[in-house]
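Asker: Can you read through this structure? Questions will come right after.
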Amino acid sequence: MKIRTVAAAILFVFNPLVGGVASFINICRRDVSNGDIIIIAMFFFLLGYSTPPVYDLYRHYNDFNNIVDLNTFLNLIQTKFDLTLYSTEYIIRELGLHFAVIPGLYLFISYIIIFSLYKYYVYRIPKQNAITYFLLTLSVLLSVPVFTIALGLRFGFGCFLALYAIFQIYEKNNIRGYIFLLLAVVSHYAFLLTIIAIICVKLLNLNRLQFLILIVIAISCSYIVSDVILVLPLPELFKSRLLAYLTGYWATEFLNTYSIWYRVSLFLTYWMIYPGILYVILSKDTFRKDKLTKLTVFSIVLLLFFYNYEVIFSRYALFVNLLILFQFVKFYSLDILKSIFLIVMVLFSAITFICGNIYANRTVIELNNMIDVLYLPPLITIIERSSYKSEVLNKIDAEGRFL
């Protein structure tokens, strides 16, 4: 292990923020160290571990408490689609660990995946200057939707399982990629769209004009998607789940219950998709014979079929943004378009991280004093937060909302 990585690890033991920053600086180079990746992932594990059980996380916390043996676990998965999460809950429960390990673990794995992929691609591009490495690394760090993973678990984590699956399938030609793809699908059914995109990659080729035409068609058809799904011969469980986002509460009423500032913060979580799509359209790399870029193209088209449904659009856009990011990193070189997009990507990602992650979840952060995680030694954080404190749970109602 390199001396600078050992130094970062020692700093992390006493102050996670200082150690994490040191590891980030170490990663801003061509030869990325696995040790530094682990340190950054551990930093976000601590944040996930310290996240209070509110919103969807409260529901998952209740499910976790209801899994008392193998029979209750089997009964649960017979009526639920989220096999990856419930299997994780069962294993953590059997090991006698605190539920908070799960959001921490999912964040840890997500950062391991994204920086491992970054390490693979950045080593293969032409050597860059220090500023370029810094901006590329920063864009990767900020691209992870921290609270989407920590509070929701299913979709956010599924994004990174699917991303790793695609990497294994297209870059490594490894069959285990399909295993991770299956895990992504049973994390959240939205990743069935990724399977459709993979099939399209095998069967179809698009040029720039055809891509633009499909974009127009997809946006136009987004207003009738729910009607089409009603008549498709889909499994009833999948159809009912999907229609819940297209015609039910999550499609029409959900956002009306929140303030304009929340709606703005939701938009900021995925607004990178718009310059991202523009970059894909303009980039000369998009229509070369590369399966990752083809998958990005078809994923954009599939995403735009749900353009009229903000909740499902905003979620799947998070995943498509990751595909665009790695298409960009994979073929990075010094030209005007890529230089401009790199700056735009960092600016948009920074605003998204600050507004969509931190500002939008400031009440969550305050509820469990998550700021303490930045400077307390990790061992103290893990011991002190080995169970949810009563003063935290007493501020949450039966639906996981703040009292």
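Cβ atoms here come from the backbone N, Cα and C positions, even for glycine.
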Asker: Which range, 95-121, 311-337, does TrEMBL list as transmembrane segment?
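Answerer: Comparing 95-121, 311-337 with TrEMBL, transmembrane segment matches 95-121.
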Asker: Could you name the stretch, out of 6-25, 37-55, 95-121, 133-166, 292-309, with the greatest number of CB pairs under 8 A to the transmembrane segment (211-232)?
Answerer: 292-309
Asker: Out of 6-25, 133-166, 178-204, 340-360, which stretch has the largest tally of CB pairs under 8 angstroms to the transmembrane segment (292-309)?
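Answerer: Selected stretch: 178-204, with the most Cβ pairs under 8 Å.
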Asker: Can you work out which residues elsewhere in the same chain, 6+ from the ends of the transmembrane segment (340-360), have a Cβ less than 8 Å from its Cβ atoms?
Answerer: 132, 135-136, 138-139, 142-143, 145-147, 262, 264-266, 268-272, 275-276, 279, 325, 328, 332
